[in-house]
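A.B. asks: Pulled these from Swiss-Prot:
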type     : residues                                               : note
ACT_SITE : Glu93                                                  : active site, proton acceptor
DISULFID : Cys106-Cys334                                          : disulfide bond
BINDING  : Gly160, Glu161, Ser192, Ser215, Leu216, His217, Asn291 : S-adenosyl-L-methionine binding site
ACT_SITE : Cys334                                                 : active site, S-methylcysteine intermediate
Amino acid sequence: MDAKADLLSMTIEELENLMAEMGEQKFRAKQIFQWTNKGIKDIDAMTNLSKDLREKLKERAYINRLEVIKKFVSKIDGTIKYLFKLNDGNIIESVLMQYLHGYSACISSQVGCKMGCKFCASTGVGFVRNLTPGEMLDQILTIQNDTKNRIGNVVIMGIGEPLDNYENVVKFLRLVNHKDGINLGARHISVSTCGLVPEILRLAEEKIPVTLSISLHAPNDEIREKIMPINKRYSIDKIIEACKIYTETTNRRITFEYAMIDGLNDSKENALELAKRIRGMLCHVNLIPVNTVSDTGFKRSSREKITAFKEILERFGVETTVRRELGSDINAACGQLRRNLVENGQLVY
C-alpha cells in the first residue's frame, strides 16, 4: 500500500484527483482544503464530510502536525520564538514578530542547511532534509492557532536555504496564496536566498510576485567568499545580473540583506563599493547588526559605523534601512535554539 498523503501539502487539484480515486464528488476537495487551512488536525473534525468519507480518508491520508516544544516570549515587544518538533522527530524554528501593520512570521524551509555561511547558526549541525509544503504551511497555522492572531506577512528566512528546496517552496507559495486557504497575497511574502542564480531566474518565471531578499553581506567577491562558500559558484556580478532580470520580469523591488560585521565588511570604503555596484537598481538595502553566534568570532558593527554606512548608500540614491531589533531580551541567532538542542541534548538559552 502506498504511503499516506499529507492533506496539508496537497493542492485542490490533487485533492480532486484523490476524491475521484475514492469515488467521491469533486466539491469535497475544496471542503477538505478549507478545513486543513483552518489548522484542523483531526479528519473527524471535518463535520461537513460524511462519516463514511472521513473513515475512507483516514485510510489514505493524514494531516501534518507540528508539536510546540518550547516558546520564548519577549517581555519587551511580544516577539515569540518557537521550537517545533516534526512528525519524524526533527527540530525546526519559527519566529512571530509584531509590527505596527500587523504580525509577521519568519519560517524555516529545511531541517539544517547545506550552504555553510560562516555567521549563521543554522548550518552548524549540517543538513538533514527538506521541509514539505505542508510543514512550511503548518508553521503559520500553528502560530495563528496558538496566538489567535492572523499573520499578515511571511518571510522564508528561518532555517535553510529556500531556493535549495525549490519545488516544495514554490508549492508552498501557491498554497498559502490560494483564495480558499490562508489567502496571503504574494506581495506579503519574502523569499530569502544566499544567491542560487538558476533558481532566482526560475522563480522570476513562476508569476508569483514575491519579494526576493538576497543575503549579500559583502561588497565584493573577496570578502563574500570568506563568509559565504556559495560565492565560489555564483559571484556577486552573476547574482546582481539575475536580480535585474527578476525585477524586470516581476516589477518587484529586490532587498539586499547585509549583516554588519565589525572589521570585515563595515568600512566606508565597503559602503562606497556596494553603492556603486547597485545604484540605479530597483532595490533597497537592509543593514543587519549581526547576531552573536558563540563560535564564529564575529562581532556586530558599532552604531556609528552602521549610521555612516547607511548615509553613504543613501547619498548614492540607494534606499537603506537598519533592521529593527525585536525580542532583544530573548536574543538568539536563527538556528541557535535548534543547534543547542541537537548538540547538547537540551535547551541552552
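Just so you know, the numbers here start at 1 and follow the chain as drawn.
The backbone N, Cα and C atoms fix where each Cβ goes, glycine too.
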A.B. asks: Would you measure the largest Cα separation among Gly160, Glu161, Ser192, Ser215, Leu216, His217, Asn291 for the S-adenosyl-L-methionine site and round it to whole Å?
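C.D. replies: Per the listed residues, the maximum Cα distance equals 18 Å.
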A.B. asks: Express the distance between the Cα positions of the residue listed as 'active site, proton acceptor' and Gly160 (S-adenosyl-L-methionine binding site) as a whole number of Å.
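C.D. replies: With distance taken Cα to Cα, Gly160 (S-adenosyl-L-methionine binding site) is 10 Å from the residue listed as 'active site, proton acceptor'.
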A.B. asks: Compile a sequence-ordered list of residues in the same chain as Gly160 (S-adenosyl-L-methionine binding site), six or more apart from it, whose Cβ lies below 8 A from its Cβ; state 'none' when nothing qualifies.
C.D. replies: Ser108, Ser109, Gln110, Val111, Gly112, Cys113, Ser122, Asn130, Leu131
A.B. asks: Between Cys106 (disulfide bond) and Ser192 (S-adenosyl-L-methionine binding site), how far is it from one CA atom to the other, in Å?
C.D. replies: 11
A.B. asks: Report the same-chain neighbours of Ser192 (S-adenosyl-L-methionine binding site): residues 6+ apart in sequence with Cβ closer than 8 Å to its Cβ, ordered by sequence.
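C.D. replies: Listed in sequence order: Val155, Ile156, Met157, Pro162, Ser213, Ile214, Ser215, Glu257.
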A.B. asks: Which of Ser215, Asn291 (the binding-site residues) has the most other Cβ atoms within 10 Å?
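C.D. replies: Per the Cβ count within 10 Å, the most buried is Ser215.
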A.B. asks: Among the recorded positions listed here (Cys106, Leu216), identify the one with the smallest other-Cβ count within 10 Å.
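C.D. replies: Relative to the other recorded positions in Cys106, Leu216, Cys106 has the fewest Cβ atoms within 10 Å.
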A.B. asks: Among all protein chains shown, how many Cβ atoms are found within 10 Å of the Cβ of the residue listed as 'active site, proton acceptor', not counting that one?
C.D. replies: 26
A.B. asks: Cβ distance under 8 Å to His217 (S-adenosyl-L-methionine binding site), same chain, sequence separation 6 or more: which residues?
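C.D. replies: In sequence order, Cys117, Phe119, Arg224, Ile227, Met228, Glu257, Tyr258, Ala259, Ile261, Asn265 meet the Cβ cut-off.
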